[in-house]
Amino acid sequence: MATFEFDIRHLFPQPIVKVTSTLLPHTFHGQQQQALEATAKISAIIDRLGELSANAQKLNKPITTAQKLRQSDNQVVYLMADVAKGSERGDEVVGLLKIGTKDLYLFDELGQARKVDNVPCILDFYIHDSRQRMGLGKKLFETMLNEEKWNPVKCSVDRPSEKLLGFLKKHYGLERAIPQANHFVLYDGFFEHEKSSEKVTELTRSRRMLMTNRHSLVNEFNTSDSFLILNSGFPKNPLATRRLLEPDF
C-alpha cells in the first residue's frame, strides 16, 4: 500500500473518494487555505499511486499523474484508502481507478469502422499487491460503475494488463474481445444498442417505402381512365372503393 508522511484521514471520510480536475475529493468542505493543502496532498497521493500502477504493469512512465488530471476536463480518478481498518497513522491508500471518455474510431464485430463519441474508457486500475484477492478491486470498480451509470460491456479498456483482463472475465463475464487497430480493448456486446437502432431504422425505412408505394398506387387508380371504367361496377362510396383497392397490411 502507499504510505505518506501526512495524515490522510480527513481526505477520506469514506473509503472511496472521487477526484476530478480540481484535485479535491468530492467530499471536501473547507476554506481556501484548507483546499490548497488538500490539493497538495491529493496530488502526492495520485502521483504515488500512479507510479505504483506503472511499476506493476512494467510501464516506462505513469499513466496517471496529478498534472494530467488537472489538465483534463473529462477524466476522473477514484481513490481507495483503508480507513475502515483504523490504522493509527491513517496513511494507507490501497487502490486507484482512472476513467474518462474519448472519441474513438472502432471496428465492430463485422469489421466495419465506426466513429463513436464519448466512449467510456478504463484508463488505469491498480490495487496494491498486499490487498488483492480481498474484494477491494470489485468494490472500487462497482463504486465507479454506480457513480458513472456505466455498463461494463459498454466500456473500452486502454492497454489492459493480464490481471485486468482476468478481473473483467471473472467478475463481469467479459471474454470475447472485438479486434481493434488501436490499443483499446472492447467486448462483444459493445455495439448491441447500435445494431438494434440500425434494425429499427431499417424497418422504419422499409415501412415508409411500402406506405409510399401503397398511396402512389391508390392515387394512380384515382386519376386514371381505367379507374373510371373499373369503378362502374363498384359501390359509389369512395371509402368503400378505396378499401377494395388498397393492399391489406
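Yeah, the Cβs are placed from backbone N, Cα and C, and that goes for glycine too.
Keep in mind it's a predicted model, so treat the numbers as computed, not measured.
The Cβ neighbour count for Phe125 (acetyl-CoA binding site), using a 10 Å radius and every protein chain shown, is 27. As annotated by TrEMBL, acetyl-CoA binding site applies to 125-138, 161-170.
What TrEMBL records for 2-191 is domain 'N-acetyltransferase'.
Under a cutoff of 8 A between CB atoms, and with a sequence separation of 6+ in the same chain, the neighbours of Gln57 (site 'Crucial for catalytic activity') are Ser161. The annotation site 'Crucial for catalytic activity' is assigned in TrEMBL to Gln57.
The average pLDDT the prediction assigns to the domain 'N-acetyltransferase' (2-191) is 93. Take the CB of Glu162 (acetyl-CoA binding site) and look out to 10 A: across all protein chains shown you find 8 other CB atoms.
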